[in-house]
Amino acid sequence: MESDHSPRLTGVVIITLPPPDNPSLGKTITAFTLTDDRPPPSPPQEPDRPPPAHPRDLPLWLPPRNPELRFSLRRLLLGSPRAVLGFLGILLFASFLFASLYPRAVQELRDSREDRERETFVFPLFPKSGAGFSSSDDVELKLGRFVGPDEERLVASIRGGTRRDQMMPNFVRSEGVTDASAILPVTGNVNPDGLYFTSILVGTPPKRYFLDMDTGSDLTWIQCDAPCKSCGKGANALYKPKSGKIVLPKDSLCKEVQRSEGFEYCETCQQCDYEIEYADHSSSMGVLARDELHLKTTNGSLAKANVVFGCAYDQQGQLLNTLTKTDGIFGLSRSRVSLPSQLASLGVINNVVGHCLSSDATGGGYMFLGDGFLPNGGMSWIPMMSRPSNNLYHTEILEVKYGSSSLNLGGQNSGLGRIVFDTGSSYTYFSKQAYSNLVNSLRSVASMGLIQDQSDDTLPVCWQAEFPIRSVADVKHIFKTLTLQFGSEWWILSTKFHIPPEGYLILSNKGNVCLGILDGSRVLDGSTSILGDISLRGKLVVYDNVNQRVGWIRSDCVKPGRSQKHPFM
């Protein structure tokens, strides 16, 4: 080219063709540019902003204008695989860390539509005052299970509100015993407040009933006029089922209650009978009914759901003593027939139950159904046992310590023990070995001026002080904290449930301080511990049946906090 304005080379083309015998090597192409004129230099000025391009006119990838930057980026991506792997590792670690801190955020992305449609319900809790037991002989221990109804106690038929005063026909009599058990180790009241209960609205028009909150019970039942054969005083008028409200045996929840090996389905039966029998020889008998449950939502509106519960017309034994201020039991277990499970199957809530029992002398607190009041952080979580022998909130425990002294759990598997969270029990139960070790460790309090008072039969172990005791706070410095260890055997990595002295001591009517932990050798299999109300106070405890875990956090239990949704980062 002879012109004064010779073309200027601004790029180079390098084409590497693969050899014929190895086409897998590929080829490399680098773009180039030729130009015939050189633009005149101009002073730097603010370039005009071009109008926004239509998305379809934009290239899929724009190369950097700076060749050095292009070279550096290419060297990073192609020449430094370790850097790429390290960068990807940081991203994976950050994602894992976020998922660990906020596991619900991932779930919320999957179920955002369902979460928006489901509600959370809050129930106030009231202490049942004035019903305390005077001696340890009155402490109730109830190990309940569904059994085949006693035909001599059955009300023949309550459909339509009628009763035939004769025994049920033979085809109704079932000798089957279901293996779905409702374990109710009820021990009366936690002095001075007693059991905790809440209220629900049932029927049309809705009527209020007070029910004991019980995470260890499957079936919710209300004393009813079917007519009633043997009922406690109760707090309200008996529930009277209307025609068409009685559940038939073909109902799936009836089969859930009555399921047992060898149980025969009764096609001609007109009602679903049940009986719950307890270890103290008390019992509750009735039929299943289905009626409207009215729930107040967090925004103040009322929601209605048709649920199945027990219409209990025959209570026997010490159970009658607990029905002076309440009308029945609120079953909150993992069973399909429990109210939380029913509401979750209807799409009303996510299957999450929470309660917060106040540690104040006045008692009270709250419970909730649904996941709308889960704290945003700070919860301690442990997994539920995936295949429990029953519907209780079971989990494995590694160790129990009184101060720094380890208590023998007496477990059958390498020292591992099992523990149940149960609001149906007023007191806490340890296995025989752990209880014996604890009592021996507490002998040291004698050196601090506490002498065991054998004449005080409020509980098996009570101490009298050399000075007047006005409250547990006056002597809690003499006792040590109980620590329950879950999860990892490494102490620093494990999850711990701390029970301060006020979580296992009560004040008796004689002014003594008594041990609110009892011998559980006759409860369940004898090696399972039970955390009752006395040790659950002062904590928000959550049973997350969606993720199969139990969690807790310290709380004053005055008012629930609304959960804040975390965006996924």
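Positions of Cβ are set from backbone N, Cα and C atoms, glycine also.
Taken from TrEMBL, the feature region 'Disordered' applies to 1-61.
The compositional bias 'Basic and acidic residues' annotation in TrEMBL covers 46-57.
Residues or ranges marked as transmembrane segment in TrEMBL: 83-102.
Positions annotated as domain 'Peptidase A1' by TrEMBL: 196-553.
Summarising the annotation, TrEMBL assigns active site to ASP214 (among others). Counted within 10 Å of its Cβ, the other Cβ atoms near ASP214 (active site) come to 28, all protein chains included.
Annotation source TrEMBL lists active site at ASP422 (among others).
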Given ASP422 (active site) and ASP214 (active site), what distance in Å do their CA atoms have, once rounded to a whole number?
7
With every protein chain in view, what's the tally of Cβ atoms within 10 Å of the Cβ of ASP422 (active site), excluding that atom itself?
27
Over the domain 'Peptidase A1' (196-553), what is the model's average pLDDT?
88
